[in-house]
Amino acid sequence: MNFQYSFSRRRFLALSAAASSSLIMPGWVGKAGAAPLAAIKEEDAIIAFGLTGPVSDEGWNTKQNEGAKAIQAAFPKAKTLVVESIPFSADASRTFRQFVQEGAQMVFSTSNYGDFFASVVERSPEVAFLEADGRRVADNLGWYYAAHWHPTYVLGVAAGLLSKSGKLGFIASFPVPMAISSSNAFMMGARSVNPSATLQVISINSWFDPQGANQAASALIDNGCDFLFGVMNEASYLQVAEQRGVRAAMWSSDMRRYGKNAYVSSIIPDWTAFYVDQVRKRLEGTWSGGGQTLLPLGGGIDRDAWGETVPAEVAAKADAVREKIIGGWSPFTGEIKDTTGAVRVKAGETLDEVALYNWDWSVEGVSGLST
Amino acid sequence: MPDPRLRPVNGGTAHSLVSLRGIAKHFPGVIANADVDLDIRAGEIHALLGENGAGKSTLMNILTGIYQADAGEIAIDGKPVRFGSPLDAIAAGIGMVHQHFKLVQAFTVAENIHLGWGETPRLASARQLEARTAAIAEKFNLAVRPDARIHALSAGEQQRVEILRVLARDARVLILDEPTAVLTPSEARELFKALDAFRKSGNAVIFISHKLHEVLEISDRVTVLRGGRKVATHETKDCDHRMLAGLMVGREIVLGNYRDRSAEPGNDARPTVLELRNVCADDQRGLPALRNIDLAIRAGEILGIAGVAGNGQRELSQVITGIRPLVSGEILVGGKAVSHQDAAAFAAFGIGHIPEDRLRSGLAPSLSIDDNVVIREYKTDAVSRGPFFDPRAANRLARTIAADAEVAIPDFGMPVRNLSGGNQQRLVARREIRIARKVLVAAYPSRGLDIGAINTMLRYFVELRNQGVAVVLISEDLEELLSLSDRIAVLYEGRIMSVFDAESADMETIGLLMGGQTAAAPATSGARS
Amino acid sequence: MSWRLQRFPSPKPSVALAVRAVAILLALVVGGLVVAVSGLNPFALGNQVMKSTFGSSFGLEDLGLLATPLILTGLAVMITRRIGLWNIGAEGQFYAGALAAAAIGLFVEGPAWLMLPAMFLAGVAGGMAWITIPTLARAFVGVNELITTLLLNFVATLLVYYFATGPWRDRGAGTLGSTPRIRYEMPELWGMVHWGFAIAVVLTVLAAAVLSFTRWGYEVRISGANPENALYAGIPVRRRIIAVMLLSGAVAGVAGMLEVAGTVHRLQGGISNNFGYLGIIVAVLARTSCLGVFAAAALMAFILNAGIILQTQGLTTSAIVALTGLVLLFTAIGDEFAHYRLVRADRATA
């Protein structure tokens, strides 16, 4: 990675603080000012990670595993447990429960396991839980994620400039808010430079299914798409793009070696600082539930260095937008219409971070995702 | 007496082509072969005779490399050999034609001849293969149609293809397992001519048969096996019917004339229990198998059905036991027309059925003896209480039936396929006789049985008849039919050629009718017209 | 006096059972060796597994929760084996049962005592509906049920994904990619184990009784072992096939319903957890014995549970899958060996 961002701890802590006062979700409200959990000696600490796929996917799970490794490096006497490929089924409960049984004091669920996670959280009040892409908080539970829509908007700008056909393709897992906000941000970025661009989405019902992603990519290219993006945990559709002579942007890591010519950039999260900080608090005895954290652009989520074949002027235009966002501008300002043409955000209004996090309708130009 | 025209030129003096010494083969709990010596000379037809279970098949399977002997030696031309697989045996010039043909039905004759043969040219066209086949056929003087598909051929033609396939691979020893079972008398005569020619060119034939008259007619020497051991080898000219039967069974057996009855009403006076009126039915493939059958089956008679296998016997037996639906016509059971086919209802009426292939339809091989033996009576109070099936009651009934059938069974829970073929047949026969209060349909009941068991079974049939039960006996053994039946019907291509009193019939006429010729039909009696 | 090994057409039941035990033991030994080679201590791991599974109520409850759907899907497959068919579609029927039960649970309101039976019936209906086409195709046209049932699995899975992430998705806060929580829950029987476990046990015992001690069961047995024999005896094979296949679908559908109402409480894409396919393994291990389904389902539940424990100890998922495969492989080899017996060479009885 060529691009170096400066990690601003103050920035995400600020957001985190703001979140705890304003980002209160309905359904399950954490007690205000819950007491911190008791301190733990480093040598007694067991920190557990539940992953959705193999750590070798070079995507989401590799990145999560890097977080786990960073914890191990920062607290060498602590023990980390990592379990890969946990299905989104009752088996997830069993795994999380097993973590608790083995004495873990802090458990990271690196994806939204919903009830399967919550049932364990409820029964283990003395264990700290953090859920990526979560929605609920409790005295012993917080959630965290990254404001991926910001760098995604930047990639959308690049895609709008690079696509000749104006037809963009998106490979989604499920029609969940993460995929909806990602495809929306991408579409809005593209439309900011090419108002007639469209985005076709195919959901393959998995975060990790190279064969399914391949098929979806081929179908999209057959439909005329010449720029692919998606939320896959691996690089397979980049290889399809390379073979078929179209461009692609990726998620989670630098995958350019799988398609030198096709590679444009990638959305890259970095959990290490956040994870080490959370574990430090847990050991110190200052960690308490209720945390709601979105890592901001430049502070845990960013774009990767541009690909070899991306023209300098495209890179420059997209990076200018990136600077604007870091400077405080929000691209998610009205007027925004949904796929039926109805105005969902009036001119002058701006979607806040909670709304972006829970986005569940597609913007005009996106097809194939929202219902 | 053997036909003097068929004596070999060099009979008795030729060297041993194949010699088996001290062959032994064991199966679970059974000695299939023990200490068998056998010499097959060039230029002879050597008959292998024995009851079922005497070890004939095992011995031939060893000689053709399907089994490996546990002890003993095989020598070809005096040199010891070991056959690890059938391919080794074929390479050594030993070929076998099995009782059940191993041809690919959808392939042509030429394709079957060339299938799995090292000398088959690569990338040959169908025309080339047919030309090669025609040349081979001419060489061995066996007429076949190279381009015909197997399923279009008669049993005799299929057999010729099988023989040709073996001969094409340079066989010097041809093994035939019950070759005449599926042939008409005239087809059998053709076969014997071909075998004679083969023998005259210095080769050898091993001829496995149950039929003593054939053995006496065609063979040069006879070896009799009993209980897996060789009893004797004799020059055929020194043998007769009675002596061979005695050697096979270990005691003298004479097939009696069961027809003898005294003070019985004539055929026409007996009441009809089952009647077919203008019945047409299809076979498994949906092709017409029975054409306009009119037949009345009367209480207290044995009605023999003669015919070459495959002329509608299977379908006839299925129609009169309610298994096969009719295409047209009607069946009257006890005087009432049956509206739809229901084998259970036929059985309940008192129609028993010994099917021609017990493992295919008469038994469920993987299920226990209990389950198999009660299949005709599981709905009765003997086994069931309302909708409930009582396994202990089933076991009691099974023990009764096994005792009646004189089959010793160590464990009634074991799968019925663990029993020998003869014991299976005995159980099925007993099971069916129990429910045959009105009619017993017996298709090839003596298949797989030795002479002793056949006698017992045929005596059962006579007893049933004498009790007033109608017995429909389907058989290809004319001797059996003639000695047992009151009337005989001949089936040919799904039609009844003729029905006549057995007393007025002779073998020659029946043979002609079986081949489809009606010219010499004797005066009929009792046939519906 | 010499001895020889000879193949018998059928193994002795006691020998078959012993061989099974040896096969499973061998698989564990080989698995342990692999673990040892990869640098972990197999005894410590084994100890950990036993402690976590049997040493705590958590472990035993997990076994019960896992065994519940496995017993039912195993039973569903086993029932069709009795009539000589393979229901490879228990997975799809599981989904269909779950879908139907969830529909009732989500959109119909009523007292729990009424709604749970209603969901149960919906599960039965869903499972049956999903096997209807393969059943009719098998019974009337002779279409191989292996293929039809298998292909419908994918349709059912995608249908559930569609509803769970589309029209029925949870629009409130909470779980992504699933429906809202269903209010009607199977009451708990023991810890987390719900009454579905009891239902699974009762259904299996009932099926065993019906198949062994009724005329209908006898006819199914004959039809499965040799359909020609059944036709010969006048048993309505076609009707028995239809009934058995529908029953099989219903049982798999009940498994889906119980997973919705007892364990997950929502409808979501991954709900089957492969229980339908694992049911095939259970049925293979159980052969055609209904009661063998219990043992096989318990074994599978133990392996799955051990898998989770071993993963937290640093073993990968593939190692667990490999262990399952080893158990099956050794069992298959063992079943073949069970056909052989040592006999005296010179004993001759016909």
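Quick reminder: no glycine exception, Cβ is built from N, Cα and C everywhere.
As written in TrEMBL, here are the features:
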TRANSMEM  C:21-43  transmembrane segment
TRANSMEM  C:63-80  transmembrane segment
TRANSMEM  C:92-108  transmembrane segment
TRANSMEM  C:114-133  transmembrane segment
TRANSMEM  C:145-164  transmembrane segment
TRANSMEM  C:192-213  transmembrane segment
TRANSMEM  C:241-264  transmembrane segment
TRANSMEM  C:276-303  transmembrane segment
TRANSMEM  C:315-334  transmembrane segment
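Counting C-beta pairs under 8 angstroms (sequence separation of 6 or more), the transmembrane segment (C:315-334) reaches the transmembrane segment (C:21-43) with 3 or more such pairs. At the 8 Å Cβ threshold, with sequence separation of at least 6, the transmembrane segment (C:241-264) comes into contact with the transmembrane segment (C:92-108) through 3 or more pairs.
Between the transmembrane segment (C:276-303) and the transmembrane segment (C:114-133) there are fewer than 3 Cβ pairs closer than 8 Å, counting only pairs 6 or more residues apart in sequence, which means the two stretches are not in contact. Among residues of the same chain six or more beyond the transmembrane segment (C:63-80), those with a C-beta under 8 A of the stretch's C-beta atoms are 53, 86-88, 90-91, 93-94, 127, 145, 190-194, 196-197, 200-201, 203-204, 207, 211, 244-245, 247-249, 251-252, 254-256, 258-259, 262-263, 273, 275-276, 278-283, 286, 288-290, 292-294, 296-298, 300-302, 304-305. For the transmembrane segment (C:92-108), the list of distant contacts is 69, 73, 76, 115, 118-120, 122-131, 149, 152-157, 159-160, 163, 168, 179-180, 182-184, 248-249, 252-257, 259-261, 266-267, 271-272, 275-276: same-chain residues at least six beyond its ends, Cβ to Cβ under 8 Å.
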